[in-house]
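Structure first, commentary second.
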Amino acid sequence: VSCAGSAHGSPLAASRDGAASRRSSTLSTDNHSRSSSQSARSRRNSRRRSSLLYDGSAWPAFTGGDAALARVRAALPTFGFSALDYSPDDLLIVAGQIFLEMELDKLLRVFWPSVQSFVISVRARMIDNPYHNWTHVVDVTQTVYSLAVQSGVLAGLTGTQRLALFLAALCHDLEHPGVTAAYLLKSQSALAACYRRDPALLERHHSLRAFELMSCHDIGLLQSLTAEERVEVSSLVRDVIMATDMSRHAAFCAATAAATAAATAAAT
């Protein structure tokens, strides 16, 4: 499966694809017909994978033009932005604009076409779930960005830390199946088997898929970084995504409350 491929080639579809293959074998004894069907499917998958790589035409224009985009830019660092107000194509522009607002193109010399290809590939891997979908991950990315700006944290982050924060936010639910880890474990899903029934299997899956796209040669997102910078970004992205494991949520909230109380006391 191409590193920029869609979710259709993932472990999430393994059980579904396997069942389809068994039904095909049972219903048809014509080997030639089956071979032709498989060849056609392979060609379709190849075209799908190729279409996910940036070719200069996949990046859409923003609905409403420059004036509308200027209003979005003004809203991005605030809590007044709503991802639900925009189309999936417009959210590609929003995600890319957050990257630019974080000045990652200047701080780390990341090539803009690589960013476009990466964002397009993330969207392609998001499953059309009611909640854990493309709109959700852009919404989270914007929220993280606005929190970082409003709190003053962003100004204190290095370029690699900023990049890791952006990538982790955008990829934190990459290829989410739309159900909980508990459901996957109890249903003995293929995804649970792939991660050896780890309770944090979803977070491990998201971080693995993120790393695949980050290291994809065809996308080249990190190609301008040094080896040390690539290691740092990859490590931080993994740590941040793993921190979204809900079993750790209460501990993080308690630690945040304690840190906030200490900072408030020190300031008074």
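Using the three backbone atoms N, Cα and C, a Cβ is placed for every residue, glycine included.
Note that TrEMBL annotation is computational and uncurated.
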Same-site Zn(2+) 1 binder from H136, H205, given that TrEMBL records H172, D173: H136
Cβ within 8 angstroms of the Cβ centroid of H136, H172, D173: which residues besides those meet this for the Zn(2+) 1 site? H132, V137, V140, C171, L174, H176, H206, T244
Would you mind ranking the recorded positions H132, H136, H172 by how many other Cβ atoms sit within 10 Å of each Cβ and giving me the lowest? H136
Please report the DSSP secondary structure of H136 (Zn(2+) 1 binding site), reduced to three states. helix
